[in-house]
Amino acid sequence: MFSLSLPKEINSLRYASAVGVICIYYFIACIVVHSVQHGFRGGKLRDDVAMFKSGNGAIEGLSIFMFSYLCHMNCFSIFGEMRKPSARRMTLHTACSMSLCCIAYIVAGFFGYADFGDEVTDTVLVFYDVRRDVLMAIAYAGIVLKLCVGFALCMQPARDCCYYIIGWDVATIPAWRNCLFCGVMALCALLLGLFIPVLNTVFGLLGSFCGGTLGFCLPALYRMYCGNWSLGTVGIVNYVCTYLLLMAGVVAVVFGTGASLYGVVR
């Protein structure tokens, strides 16, 4: 994780990221195969599989979904390093990547849930026997690689934000100072990972608060206060959708964060 966090440009991680995505899809294929072999009894779903849920559990799921699609912090770095940057190309690339993520989430979520049912409370990774299943053991090794790449992709915008606040330029900062700063951030992440017992707690809080703020509230507020904003200048569709985006963000932050905190206390 530390070594992948050192590059100053996100473009340096493109090959490692591509390998990580391949590893994730291989793991999803293993989930599907294992679910078909063990999850379906007589060609039917388990009795404890619920298609719809209510209450706090359903709201906690909203926070996790928002975290899953939280890619906004890398948009500026990717746009700045594109060969021919344009809003159209950025929108197209984002739509393609989010569509691939959506397919992966649906397939992995359904077949993982169909395999183990309500036994899964945190992560499905603890339910597979990697000592006897060689294919799943290989998939776990790929998951480790993908976690390292994912950490670096989240580390870079956080590091650049800290550099901006301090007044450092990421392009001219000495290598030793960059290594030291990245090392401190990686150490803090390691300590948090050791002392936070439930992974869904992190996903829920980050998804509801950070996802609602970065993905919904701030883009709507930026659009409203960037100037030349009125019903006559932007049109009724843009005007209404911007307010809907803001209201959805407020609902996600309030109820999602509340549900996550309630789940921790309970």
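Note: Cβ is positioned from N, Cα and C throughout, glycine not excepted.
If you look up TrEMBL, you'll see 2-259 marked as domain 'Amino acid transporter transmembrane'.
Positions annotated as transmembrane segment by TrEMBL: 12-37 (among others).
Marked as transmembrane segment by TrEMBL: 57-79 (among others).
Marked as transmembrane segment by TrEMBL: 91-114 (among others).
Taken from TrEMBL, the feature transmembrane segment applies to 134-154 (among others).
For 175-196 (among others), the entry in TrEMBL reads transmembrane segment.
Sequence-remote contacts of a segment are chain residues at least 6 beyond its ends whose Cβ falls under 8 Å from one of its Cβ atoms, and for the transmembrane segment (202-222) they are 60, 62-70, 72-73, 196, 242-243, 245-246, 248-253, 255-257, 259-261, 263. What TrEMBL records for 202-222 (among others) is transmembrane segment.
Residues or ranges marked as transmembrane segment in TrEMBL: 243-265 (among others).
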Which of 12-37, 57-79, 91-114, 134-154, 175-196 contacts the transmembrane segment (243-265) most, counting Cβ pairs under 8 Å: 57-79
To the transmembrane segment (12-37), which of 57-79, 91-114, 134-154, 175-196 is linked by the most Cβ pairs under 8 Å? 134-154
For the transmembrane segment (57-79), distant same-chain residues with Cβ under 8 A (at least six beyond the ends): 9-10, 85, 90, 93-94, 97-98, 101, 105, 153-154, 156-158, 160, 200, 203-208, 210-212, 214-215, 219, 252, 255-260, 263
